[in-house]
Amino acid sequence: MAGSPGMEQGFNPGKAAIADWGPYMKSLCGEACICQSATAGSVNASTSQVLGDADTRPFWAAGLQGQDQIVSMGDTGMDMNHCFFTDTSVSFPGNQRTDGEGIPYYLSISARKVVYYRGLADFVDAEGHGTHCAGSMIGAQSGSSSYWQGMAPGAYMAFTDIGSGTSGSLGPPTVLSRDYYPFPYAVGSRVDSESWGTDVTSYDNMCREVDIFTYVHQDFLTFFAAGNSGGLQQDDTVGSPAVSKNCVAVGAGLTANYNGTVEQSDSVALTPYQLVVTGGIPGSGTDNNTAFQLHSANIGVSTSGLLSAASPLRLVAAQPADACKVLSNAAAAKGAFVLAIRGNCTYTTKASLAQKAGAAGLILVNSNNTGFFNINPDSSSNAQINIPVLGMPRLPAIPIFRSLLAGFPLTGVLKSLTLPSARWESLAFFSSIGPTPDNRYKPDIVAPGTTISAAASLPPGTNSNDCALSVDRGTSMATPIAAGSATLVRQYFTDGWYPTGQPNASAAFAPSASLIKAVLIGMCS
């Protein structure tokens, strides 16, 4: 076991237990829970859809739906009037109290769904994020076998409200091991889902707090959203606390039946392309038909001609690098794809000068590490741009520039970037990746995180027993799906199904967090 600064849970589940679970987990996740190596470059349909029809949900069919399991979550709040959580037999206001620190809370061991609600911020979800995540994890209509259900529809929720009002901002306590986790743990939660995080990618005090609590309470497994910074197109974008050692960091994959456009980031919705490059420095990633992601611009002509030709074009670095003056290497640029650095003049100026040099197209490379970016025309210019213009993140372009400056004759073929046929095993483009700064694999697991339909909150004060749904995307949406799966894994052990595949009370035991984590990840080995 490791000591300071990060203490790791140390239970060895044994290879047999992991191996036995491979086929079970593939059925449980409906081919949706996959491993992510976390070194590549780049927060529902319904959860029932993710799991597929009844004959592909053996755990549900066997009666394993999270019964008698208490899970926990901290988020913007929960709409307690939503039909996924409402309870006509228990009064939510009537069971509210105040603890010794003056924090209001709700507690009812006889509740249908929500047994505990701690109002660190308030008792409402005016933003909707928490209601959506809770619905994906444990949502279920009273007395109904609705098609729209969470991953563990039989489980109970211990919720902590850390989002105030309508801002959508979250304020978790700084000392998680003392002021956050002990409360849901005390009411019985052993699987926890957290769809929030920071932009800090290093192991910080928040990570240490997660690891302190889970080291002391080795039966408590917490899940964190990896983050939505995949559009930066760089390694090491998983944010704290998902960087902690004992949590399960969850990335987002494409939903199995997703038929939308390719998504590259939350802020840029442009047409994606691939530039397949060869001819560079051996071993540099530019020497053997390597595909680099580009995106369209709002200036220039269509790329249809280059796509239909499918012919290799020479790649040339502009001189000067920013292409803000007449290109001194115009002879080399003629008929080539010119790469120029963003900045120092307008995009229209760069495109005009590349066009004047006879370039076949212009690739604008971001000058900083902010990933994809919008390329808009200069409203004060009347210049007609008659060549295609594309954009590219900075970091992936570095090996291309190195090869060009070393004198290697690079060529590239422009291709459309289309959705993979095996959607479910493909990482969403917005999902953050690893490795961590200390070179650990993150995220630990990937679950569906695009077009996720789940519970939608109504404005505070709305008392109708609504069943509204909303569609969202992000690693936030993937995290409760993964944690809900873990809840079913835990129930498999606590109900004595292991190792015979049949419930046996004498074989029942409470699994460690390490065993549950190993089952989820081990089936990918």
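Any Cβ shown, glycine's included, is placed from N, Cα and C.
Feature annotations, reproduced from TrEMBL:
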ACT_SITE  Asp75  active site, charge relay system
ACT_SITE  His129  active site, charge relay system
ACT_SITE  Ser476  active site, charge relay system
DOMAIN    66-497  domain 'Peptidase S8/S53'
DOMAIN    314-393  domain 'PA'
Neighbour tally for Ser476 (active site, charge relay system), based on other Cβ positions within 10 Å of its Cβ: 28
C-beta crowding around His129 (active site, charge relay system), within 10 angstroms: 22
All-chain count of other Cβ atoms within 10 Å of Asp75 (active site, charge relay system): 27
